[in-house]
Amino acid sequence: MASVLDAQNDYVVADIGLADFGRAEIRIAETEMPGLMALREEFGASQPLKGARITGSLHMTIQTAVLIETLVALGAEVRWATCNIFSTQDHAAAAIAAAGIPVFAVKGESLAEYWDYVGSIFDWGDQTANMILDDGGDATMFALWGARVEAGEPLFEPSNAEEIEFVRALKEFLKRKPGYLTMSVAHIKGVSEETTTGVHRLYQIAKDGKLPFPAINVNDSVTKSKFDNLYGCKESLVDAIRRATDVMLAGKVACVAGFGDVGKGSAASLRQGGARVMVTEIDPICALQAAMEGYEVVTMEEAVQRCDIFVTATGNEDVITAEHMKAMKPMSIVCNIGHFDSEIQISALNNYKWTEIKPGTDLVEFPDGKQIIILAKGRLVNLGCATGHPSFVMSSSFTNQVLAQIELFTKNAEYKNEVYVLPKHLDEKVAALHLEKLGVKLTKLSKKQADYIGVSQEGPFKPDHYRY
């Protein structure tokens, strides 16, 4: 599907002719991303990322293009790939390629191409990456497994199509550039991780004592998880379902699996669209929150009998099984808004009849003739069937990413090989950079008031343990 359009150009995109279209949308997005634009103004002259060679793996969207160009404006060199085979916006990738930035991303790329492109973003010729910006942990795992294998650790036996292509691509890279990933890992100053799933991977690696460089958990910055995960999903989920199916949500019964920040936003999105919403949960605290918000909390076994629309938002695997889908009502809509495609047992449906209605929307027919609708083949529905979160909320997330990259690159000696979150004063800074755009006016504490509650007049205003 994808090919390098000119051997002299260091990119793979669907159509470089889309660059002007992409550039026009990037200009619009910049007006909705005040945090990133403020960082360009603040740090453009000092170039804090000069010398940084960032391997980036994150959805190649218009909003990500603004992030990439902010990193470059602050002095970094960047090589970029998407972190999901369906999430690329081809005009965004074309605009980045036309700007001379190496990018490897095509909407609908195969799993083989996906992992080959991960290899491409680590190939810096005679140099190596010295920073990683990741979403989901795939780039980090590629580098770490490469170094482990070269150190003599056996590579795991793949158990699914994704792992088969990962192992193949990694072996081919190691054969082509022996010792290179070991050298890369040694030079990497740190990784900033965007999403819940990738953060879980990092904490597990750190727990096992195998994290070779510091990591910043961007996901758990308040201005990421409580905004991108919550308010972003609140707008983008229903947008995706409507684009994919043209279904009327009002009056439908929907089930959201998981009531974390993403699940909360998803449930609110469906309720806002007029659906009656049920929630499934394993955690008694989240279940109680859902109940107090007025959602009916049920098991999936009950939900499949009653619901018309199903959304997984857990970060787990096998949340909706083949047996669940067999029990659903005809023409039920099934989709996922968690990072990976493990939440719905898509592979268990492979032997059934699939009919593509349009890209991202498939009818799956069971042996008894019943059909259900699968969106984005179980991958991220808001990016597979629509354009993801709005620019403004992504500005908040990506401002955290840029600050994390600056922090790790310029203050590397202050960090151990552990997983950190950004300090509270930077979290508050990210929020502050987005207030003017919304016409927000902050109240100023008097010295007496600040002393009374034990904070500085300039902040931080909350202790680290405060739950927003």
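Including glycine, each Cβ sits where the backbone N, Cα and C put it.
Given the structure is predicted, the values throughout are model-derived calculations rather than measurements.
Feature annotations, courtesy of Swiss-Prot:
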BINDING   Thr61, Asp135, Glu194, Lys224, Asp228  substrate binding site
BINDING   195-197, Asn229, 258-263, Glu281, Asn316, 337-339, Asn382  NAD(+) binding site
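Cα of Lys224 (substrate binding site) to Cα of Thr195 (NAD(+) binding site): a distance of 9 Å. In sequence order, Asp228 are the binding-site residues from Asp135, Glu194, Asp228 with a C-alpha within 10 Å of the C-alpha of Val262 (NAD(+) binding site).
Asp135 (substrate binding site) sits 20 Å from Gly258 (NAD(+) binding site), taking the Cα positions as reference. In the three-state DSSP classification, Thr197 (NAD(+) binding site) falls within a helix. Reported as a whole number, the C-alpha separation between Asp228 (substrate binding site) and Thr195 (NAD(+) binding site) equals 10 Å. Mapped onto three states, the DSSP output places Ile337 (NAD(+) binding site) in coil. Working note on the binding-site residues Gly258, Gly260: by count of other C-beta atoms within 10 Å of each C-beta, Gly258 ranks first. Taking only the Cα positions, the spacing between Thr197 (NAD(+) binding site) and Thr61 (substrate binding site) is 20 angstrom.
If you compare every pair of Cα atoms in Thr61, Asp135, Glu194, Lys224, Asp228, the residues listed for substrate, the longest distance is 17 angstrom. There are 28 other Cβ atoms within 10 Å of the Cβ belonging to Val262 (NAD(+) binding site). If you check the binding-site residues Gly258, Gly260, Glu281 against Glu194 (substrate binding site), none has a Cα inside 10 Å of its Cα. Neighbour counts of Cβ atoms within 10 Å were taken for the binding-site residues Asp135, Glu194, Asp228, Glu281; the minimum is at Glu281. Just so you know, of the binding-site residues Lys224, His339, the Cβ with the fewest other Cβ atoms around it within 10 Å is the one at His339. Spatially close to Ile337 (NAD(+) binding site) yet at least six residues away along the chain are Cys233, Leu237, Val262, Ser266, Val311, Thr312, Ala313, Leu380, Val381, Asn382, judged by Cβ distances under 8 angstroms. Every protein chain considered, the tally of other Cβ atoms within 10 Å of the Cβ of Thr61 (substrate binding site) stands at 25.
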